[in-house]
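The annotation active site, proton donor is assigned in TrEMBL to 182. The annotation active site, proton acceptor is assigned in TrEMBL to 253. TrEMBL lists 235, 490, 534 with the feature (S)-malate binding site. Summarising the annotation, TrEMBL assigns divalent metal cation binding site to 325, 326, 349. As annotated by TrEMBL, domain 'Malic enzyme N-terminal' applies to 159-340. Annotation comment: TrEMBL describes 350-603 as domain 'Malic enzyme NAD-binding'.
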């Protein structure tokens with residue numbers, strides 16, 4: 001081995017000698033370092049001349065077969081299908097491998113000096129383009145696709161080959177591309193994920209891995225994980241059980257964590273927990289990528305989730321944020337309550353949605369007047385989103401009015417599939433609905449509930465499209481001078497009403513917000529800009545605040561701080577335009593301010609571990625945000 005070392009050093013360039021010396025300094029066996037150097041060498045580090053010098057030319061005719069190039073040192077060409085081969089990996093990104101590394105690839109932006117230094121000469125066309133020009137070209141290419149799913153696939157392909165260019169494109173064109181990367185297009189992408197699947201973008205943990213989840217987590221190449229988004233695919237948006245194909249949700253969410261919140265891509269980990277699916281179409285689909293079995297429930301499901309949470313903490317520590325995403329109601333509340341005391345967990349469907357809606361309601365009061373306690377709120381939909389919003393609103397009322405949460409809940413009413421939630425139905429209600437069951441005669445439909453309760457705000461989260469009928473909105477408008485109408489369900493087809501319907505049926509008086517994007521509406525010569533109550537206003541900044549403070553737990557007060565931070569950025573000028581949320585193009589500034597509010601609350605509560613506390617948390621948050629500008633390589 002020592003003689004081989006000498007030969008390699010004699011025949012290598014100074015860069016190879018430096019590499020070997022660095023590896024020796026770092027520790028480990030000489031054999032391992034020589035193995036890596038040989039891998040590095042054979043992968044094209046020194047070009048054809050070096051390969052020739054190590055292995056010698058084999059060009060010619062052998063046994064009647066024309067041969068050429070370098071020796072098949074690892075036996076890949078000689079092996080038959082039943083013989084294993086060693087999947088040699090590249091140790092240092094350079095040459096062809098550098099162009100295949102999405103984190104470091106710059107495409108045609110590699111400078112002349114970089115092309116020489118990293119063995120790229122001849123592997124790229126001669127032109128050198130700026131990152132801005134690359135972005136301009138790609139945006140034109142994306143816009144040529146008329147089908148949203150094709151745009152989604154084009155952007156995902158870009159993310160897989162040039163990470164920094166993908167995020168720069170997304171950040172600079174966030175209003176245009178957000179509906180492509182996330183809702184509503186991601187819903188269709190999940191439905192067709194098996195057909196459009198190209199390469200894995202996250203970790204898949206199925207029942208097959210039970211007892212080995214820690215081992216699976218260690219297979220992920222990145223070790224310094226700060227944010228995990230995990231789903232079991234049972235309730236994807238308003239589309240139902242999509243099983244393993246729900247991976248599109250964690251991938252999309254974490255893309256927004258980076259683009260909007262500045263969390264490093266390498267610190268993000270998308271995970272899908274595959275416990276089967278009850279979707280008959282998927283079970284019969286030959287292209288379905290998940291387990292073809294009915295969903296595991298009960299103890300089997302609980303044990304798998306326990307093992308997962310334990311493995312995450314063991315592998316990444318207690319300061320990794322685990323965001324639960326699109327779990328069905330019966331699991332979403334249970335998991336959040338079960339793990340929130342001992343793990344750093346956040347449910348975006350419950351807490352994130354609640355924070356963004358509360359922020360919108362607080363901002364809307366700048367136009368309507370009064371405090372939250374002065375108004376009545378009617379929720380159409382009593383699932384995890386609806387009751388999560390209701391709980392946060394009740395908590396804010398209790399904080400503002402110095403009253404108990406139980407007293408604050410009296411300002412909030414729910415309507416589910418069986419009508420108004422009232423005390424006479426208590427025996428059949430789920431626990432999270434019972435706390436909102438008030439004394440009232442039964443009412444079977446939404447219109448009757450509006451007329452009986454006379455709410456200031458009507459908030460829809462039931463996923464029932466067109467449920468806010470003309471009669472419902474007209475009733476709200478007859479009760480209120482400025483009715484607050486929030487149609488939050490996704491995707492667009494599930495929205496309770498459109499922006500045009502809300503403004504037209506209320507004669508332009510509605511304060512409207514929606515979960516899906518809608519175009520501006522002109523009514524009586526006035527242009528109304530619909531506000532999108534997108535969770536992307538909250539979770540990226542919230543996650544950034546948790547990360548920069550080193551928080552070890554998430555509390556309701558931190559979620560309230562995020563909502564208040566969002567509402568504070570809505571100006572009177574925004575309200576005049578009908579906006580109850582700040583403009584989305586400044587989302588990174590919004591996220592930095594929300595992060596500062598969340599971090600401040602973590603410090604105030606003694607939950608922050610990143611010490612000492614920065615003097616200016618907004619500037620500190622901005623300084624911690626990932627920027628996708630190309631780096632220079634030496």
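Glycine is no exception: its Cβ is also placed from the backbone N, Cα and C atoms.
Looking only at the binding-site residues 235, 325, 534, the densest Cβ neighbourhood within 10 Å occurs at 325. The closest partner of residue 326 (divalent metal cation binding site) among the recorded positions, by CA position, is 235; the full candidate set was 182, 235, 253, 490, 534. Among the recorded positions 235, 253, 349, the ones whose Cα sits within 10 Å of the Cα of residue 182 (active site, proton donor) are 253, in sequence order. Residue 326 (divalent metal cation binding site) has a Cβ environment of 25 other Cβ atoms inside 10 Å. In this view, the densest Cβ surroundings among the recorded positions 182, 253, 490 belong to 253, judged by other Cβ atoms lying within 10 Å. Here the C-alpha separation of residue 534 ((S)-malate binding site) and residue 325 (divalent metal cation binding site) works out to 15 Å. Reported as a whole number, the C-alpha separation between residue 349 (divalent metal cation binding site) and residue 235 ((S)-malate binding site) equals 10 Å. Mean per-residue pLDDT, taken over the domain 'Malic enzyme N-terminal' (159-340), amounts to 94. Rounded to the nearest whole angstrom, the C-alpha distance between residue 235 ((S)-malate binding site) and the residue listed as 'active site, proton acceptor' is 15. Separation of the C-alpha atoms of residue 325 (divalent metal cation binding site) and residue 490 ((S)-malate binding site): 14 Å, rounded to the nearest whole number.
Counting in whole angstrom, residue 490 ((S)-malate binding site) lies 15 from residue 253 (active site, proton acceptor) by their C-alpha atoms.
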